[in-house]
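Here is what TrEMBL says about this protein:
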- CYS406: active site, nucleophile (ACT_SITE)
- GLU255, ASP308: S-adenosyl-L-methionine binding site (BINDING)
- 348-367: compositional bias 'Basic and acidic residues' (COMPBIAS)
- 125-484: domain 'SAM-dependent MTase RsmB/NOP-type' (DOMAIN)
- 326-367: region 'Disordered' (REGION)
Amino acid sequence: MSLYIEAARIIQRPRYGGLRGAVFSDASVKSRPEQLYALIIETLKHQEIINEVLDKSGLLEIEKKLTHALALVLVHDFLFNKGGIATSTGPLKESILRHKSRLTSEFTRARLRRGYSTTAALLAAANATSMRFPRWVRVNTLKTTVADVLARHFSDHKPVRLFEELLSEDMTRKTVYVDEFVPGLLGFPASTELIGHALVADGTLFMQDRASCFPAALLAPPEGAVVVDGTAAPGNKTTHLAAIVGKGGRVLAFEKDPKRAKTLEMMVGKAGAEKIVEVRAGADFLLSDPWSETEKKRLAKVSHILLDPSCSGSGIVERNEYSYIPKTAAPPPAPTSRAGKAKKRKGGEKEETPFVKPLSKKEEEEVAKQAEAEEERLRSLSTFQTRIIKHAMRYPGAHYISYSTCSVHSQENEQVVMAVLSSEVAKQRGWRVQKREETGFRHWPRRGLVEECDGDEEIAGGCVRFDPWADGGIGFFVVLFVRDGSVDGWEGRGFIVFDIEH
Ligand SMILES: C[S@@+](CC[C@H](N)C(=O)[O-])C[C@H]1O[C@@H](n2cnc3c(N)ncnc32)[C@H](O)[C@@H]1O
């Protein structure tokens, strides 16, 4: 299958996570993944001007065999690639080269309309603004205050009041957005260079994605609280929790993987939170036992638990990615007939079939095998995720548990919430999902999927979702489980580490 047909297939198919994963983990891909990925990224970056060229030249009306996505990738290489379309002669290349002069002149007009005298100037400008996602930094309030950071280090940045203003601003301008949901979170335009910034190096600022700050902010333990981070490394949320509970509080941070625990320790040191955070390196949260003689004094006091367990990572989107905007709302037709073959309409009139080559039997089998493996992986992740929440629900003093994933799959999100709520421990101890109107995030627009919560709007409303494109970062999910009342008659019966309820 040609590079272009593969690129068009990946561009137009529904995608839940990042493009890198879509390209590099697709077993049916025959092209060099690096080349395919670069072609897709670059095409999507320039799709706005290519679309204008397509519209003005009328290419899609004339070349009926070309789908929109296929035309985008071919015209991209025709206009922007030094070597032109990277294939020997063939019907695909011909369908573009037939319109060479028209495409070139429409491109020149579109370029000049944008004020670029050369293609190099247009490319340079596009590359400078290609980072679409804002940069997020969390102010480490153990070391300083937001007001101080803004006044002393970013006084040349113009404050914007709404997040939309940050996105719509020229991403190279000096602006700063103080997040309205997460205290201490600042958003900067994508071009802002923060990686080598002295405040990042000394732990005054933490580069942490917006969505990733929601779990600790939603959990919102009071100052001085004793809290657990059950799955802590590398430590973004642990250090955030430390800043919230402050010097009089305690964060018990479990990390099963000893190597990752080293990073956690380093991060805690950088945050200046060594006296607040107790790193439990190599400790499995699932084996923690708040009734044991050695632990009961400490773990029984824990009121708030943060769980951000391992997940599929399907929400992670790379900063240089753009999403495909289809030309029509309708999905592309399924590739059922052979490539380029004409088929008859009901009235006998011939209809051109889009130039989408169907997968071979072997390729179809590979795709099915891959989908089955992915399903299996999600099943095992969601079993683990459900199990770890149920374990936390047994903690005698716990009243608040935040659960989050950087996954967009409902199997790891709403479906886990529903499985947990129907468990014995949740029912016996009165755990429920905190309602939307009870949280500080009630105005956040994106909530859980009602259909994945068995139609329960209250539960879905209590869940928070992030869309990478609209919310500026990664696809994410977070929910807060709460338990009312302090006495529930629960004496830890059944709290056996290996019990069957797990
Ligand atoms: C998604 S990462 C957590 C990211 C972290 N919350 C942050 O914001 O930096 C999940 C972590 O949980 C750890 N983990 C997985 N299972 C665990 C368990 N049973 N007990 C403790 N840690 C576990 C993994 O090794 C991994 O480091």
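Any Cβ shown, glycine's included, is placed from N, Cα and C.
Features per TrEMBL, on structure.
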{"residue": "GLU255", "record": "S-adenosyl-L-methionine binding site", "Cβ within 10 Å": "27"}
{"residue": "ASP308", "record": "S-adenosyl-L-methionine binding site", "Cβ within 10 Å": "21"}
{"residue": "CYS406", "record": "active site, nucleophile", "Cβ within 10 Å": "25"}
Where GLU255 (S-adenosyl-L-methionine binding site) and the residue listed as 'active site, nucleophile' are concerned, what is their Cα separation in Å, rounded?
18
What recorded positions in GLU255, ASP308, CYS406 place CB under 6 Å from ligand 1?
GLU255, ASP308
Please report the Cα separation of CYS406 (active site, nucleophile) and ASP308 (S-adenosyl-L-methionine binding site) in Å, rounded to an integer.
9
Within the domain 'SAM-dependent MTase RsmB/NOP-type' (125-484), what mean pLDDT does the predicted structure show?
86
In three-state DSSP terms, the structure that GLU255 (S-adenosyl-L-methionine binding site) belongs to:
strand
Specify the secondary structure state of the residue listed as 'active site, nucleophile' as given by DSSP, simplified to three classes.
coil
